[in-house]
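Everything on this sheet refers to the single structure shown next.
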């Protein structure tokens, strides 16, 4: 099939995505025979792809982004409901300890399933783990209003369950990119997906504020619960664990992804026994990611849980206004996060900086600018100055996502989901400590203590910058390479497979003579054995106790009509 027809059949690449494919001049027949899964009933009528996105991997990234939007939007519901309680329309006489317990209860469950989530994403299809977690959390979100009418303990129980199921989302997301993200597109695909975390706050804050102010505090919980279940239906239709399992992916894109990833994805998934725990605990690049994740989580949860309260208590904004103004910083961050991913990949491809320097530059630059603007917020006296500094600080921190949050795939792609679970689990501890500390700092004197809150936030980022700049790395770590035993488990030319296809059995001059090299076996002269014809085999009625000498099948021809010399022939 000519190349032109091949392009027309599978569609041209989007934005030059396939320019790095050295096999682009090959025809489909040059690619190994692909066993495509059968089309589902729905695929016969509608292809499993977004109409505006022609590449399947970006469809997966977009759907992952939408999943995070719903997940983090649900986390904004409780903050707006609490502001409604303070207005007096709804009375819940919760103590400071009970309010802190409700705020932090989500993170109790969220912390527990981080590392197990990494193994779940290794044992089961990561896309199913991710989608099921969002769907269950959305269903539990529908139960929160009823739980609040019963008792705060019931609310805590429901939110702990939400945290348990959502704790697997980030590790599962890294498990998805293990099979779908070519190495030089990791930053853009991962940051596009992770930007949903911040877009969720952008949409969640004003949406929750509008629904709470115009309808009731129940409305945001019901809205996000229903949207999560609808999203799950589309996720089951559009997402697949691996490119080769996708029924309608083009051969061109499948070839590009698999050639970019190489044979590493064929290695067996890590288990608890094969995971190099000792190297995890002694690797400074791993600790650099963990510290950066903790620092980022502290400030992120500070803004998600208390940004609206800060604007209301310090500058007397209404609930609807706090939702809209609070969403502005995260709106800019949502734009900057994928832009930073594309910029990071461009710098890496062009060779301007090494991967290590790219990660350090983006992470430390993002943290540094956010910490600087947080100091401005801490001493702001006007609402315009506070909102401006808060917006710029949060927006610039979006560059840090192209640093620490993608770094797992650089240093250990095989263990990326497990490392993400570890680092995000430590980061979740910030979600546990932050509400308790801020509730006690701001209780009774909310206006004067916000300066201390943001000064602490800036100090946390300073610690993160220093540690990451010294110890971070963007290179594949030696302990992340597959062991010899793991290579033999999948290597088709390994010893196990070689034994089955050996040309010479022991005793025939092959293996016994030390011809373990396949080339030597091919070139070796082999004595053909016919088994029972040459030796006695017990209980074999077709075998003879002695060797059978060769005999002609029929006597030699003596016909003078065709044989003999011309004078001897008869005509």
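Quick reminder: no glycine exception, Cβ is built from N, Cα and C everywhere.
Automated prediction, rather than curation, is the source of TrEMBL annotations.
As recorded in TrEMBL, the features of this protein are as follows:
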type: DOMAIN; residues: 59-476; note: domain 'Major facilitator superfamily (MFS) profile'
type: REGION; residues: 548-571; note: region 'Disordered'
type: TRANSMEM; residues: 129-150; note: transmembrane segment
type: TRANSMEM; residues: 156-177; note: transmembrane segment
type: TRANSMEM; residues: 189-215; note: transmembrane segment
type: TRANSMEM; residues: 221-240; note: transmembrane segment
type: TRANSMEM; residues: 286-304; note: transmembrane segment
type: TRANSMEM; residues: 324-341; note: transmembrane segment
type: TRANSMEM; residues: 361-380; note: transmembrane segment
type: TRANSMEM; residues: 386-406; note: transmembrane segment
type: TRANSMEM; residues: 418-438; note: transmembrane segment
type: TRANSMEM; residues: 450-471; note: transmembrane segment
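Tallying C-beta pairs under 8 angstroms between the transmembrane segment (286-304) and each of 129-150, 156-177, 450-471 places 450-471 first. Counting same-chain residues at least six beyond the ends of the transmembrane segment (386-406), those with a Cβ under 8 angstroms from any Cβ of the stretch are 186-187, 190-191, 194-195, 198, 288-289, 292-293, 296, 299, 303, 307, 311, 314-315, 325, 328-330, 332-337, 339-341, 343-344, 358-367, 369-374, 376-377, 380, 423, 468, 472. Using the rule of three or more Cβ pairs under 8 Å, pairs at least 6 apart in sequence, the transmembrane segment (361-380) is in contact with the transmembrane segment (450-471). Counted as Cβ pairs under 8 Å, contacts with the transmembrane segment (189-215) are highest for 324-341 among 156-177, 221-240, 324-341, 418-438. Residues 42, 48-50, 59-60, 63, 66-67, 70-71, 73-74, 77, 81, 127, 130-132, 134-135, 137-139, 141-142, 144-145, 176, 204, 207, 211, 246 of the same chain lie 6+ residues outside the transmembrane segment (221-240) yet bring a C-beta within less than 8 angstroms of a C-beta in it. Within the chain carrying the transmembrane segment (156-177), a Cβ under 8 angstroms from the stretch's Cβ atoms is held by residues 60, 64, 67-68, 71, 74, 78, 101-102, 105-118, 120-122, 126-127, 129-130, 132-134, 136-137, 140-141, 143-144, 147, 186, 189-190, 193-194, 239, 241, 408-409, 416-421, 424-425, 428, all 6 or more beyond its ends.
As a whole-number mean, the pLDDT of the domain 'Major facilitator superfamily (MFS) profile' (59-476) in this prediction is 85.
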